[in-house]
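Chemist: Sharing a structure here in structure tokens format.
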Ligand SMILES: C[S@@+](CC[C@H](N)C(=O)[O-])C[C@H]1O[C@@H](n2cnc3c(N)ncnc32)[C@H](O)[C@@H]1O
């Protein structure tokens, strides 16, 4: 069988599942190229190349995983975030493009030439911490997560990107284990924010494969913000920056939690949904 035929067959199988149909061709290509350890160029330069039996059987087992709904990123083991190739496993949330908006907003507000102290709460794959560290070379970043398995992936990503000196990882329930003496210039977080009640309506690829600990935060999805925002207020320097990703329709509740903060802003994602909230601590309101 040739490469072209193998892709056509795989795409046909994936198309039999309604929720896989849209990306069936792309997914079949990516899975076969993964098996062949080749780039897309091969599709244009040698699509009549023969696929060996061993390669075809490996390709088939990846197709089976995809047919069961496993996200393509977990199968390939990688997702790009803010231009960085990140390893992802089922221990971490697959970093989303919406979260790049948070990184962009933070980078636009923090000085590049100062030795900042920044913390990323709920780091998952390390996406936010590593992207920010890469673009703010003088910053020292702490990245925390409750999940040891997630931290192992994040540490590996830091090493792969050569950022291990700049980003330190630790297990902590939000800011509980972080040295109380340390004050930060910025607290960043894309916390779990999906309401438990939305569990059944989630796409199966999310519900069945991404870690629940990364997704859900109580009945309304606000449990983590309710703890994180007051903790962040204590951990930040006066005038320090808080940046959090928020879920659909959560802006009024988050605004209420930020009522004693200053410079409160919200940013829309490409769908026009409020997705990121930013605020700064005041000098005096938190004691
Ligand atoms: C929505 S994911 C975000 C991952 C990553 N920051 C990103 O944007 O791709 C939330 C992360 O918070 C972690 N988490 C959940 N509850 C936590 C807690 N109480 N303390 C620290 N981390 C927590 C989860 O393990 C998960 O890695």
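Glycine too: its Cβ is placed from the backbone N, Cα and C atoms.
It should be emphasised that the depicted structure is a prediction, and the values quoted were computed from it without experimental measurement.
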Chemist: Out of 145, 173, 179, 223, which does TrEMBL tie to the same S-adenosyl-L-methionine site as 122, 123, 124, 125, 126, 190?
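Modeler: TrEMBL lists 122, 123, 124, 125, 126, 190 binding S-adenosyl-L-methionine, and from 145, 173, 179, 223 it also lists 145.
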Chemist: Return the single residue from the binding-site residues list (122, 124, 126, 192) that has the minimum number of other CB atoms within 10 Å.
Modeler: 192
Chemist: Greatest CA-CA distance (Å) over the residues 122, 123, 124, 125, 126, 145, 190 that the record ties to S-adenosyl-L-methionine?
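Modeler: Output for S-adenosyl-L-methionine binders 122, 123, 124, 125, 126, 145, 190: max Cα distance 12 Å.
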Chemist: Fill in the CA-CA distance, residue 145 (S-adenosyl-L-methionine binding site) to residue 191 (substrate binding site), as an integer in Å.
Modeler: 10
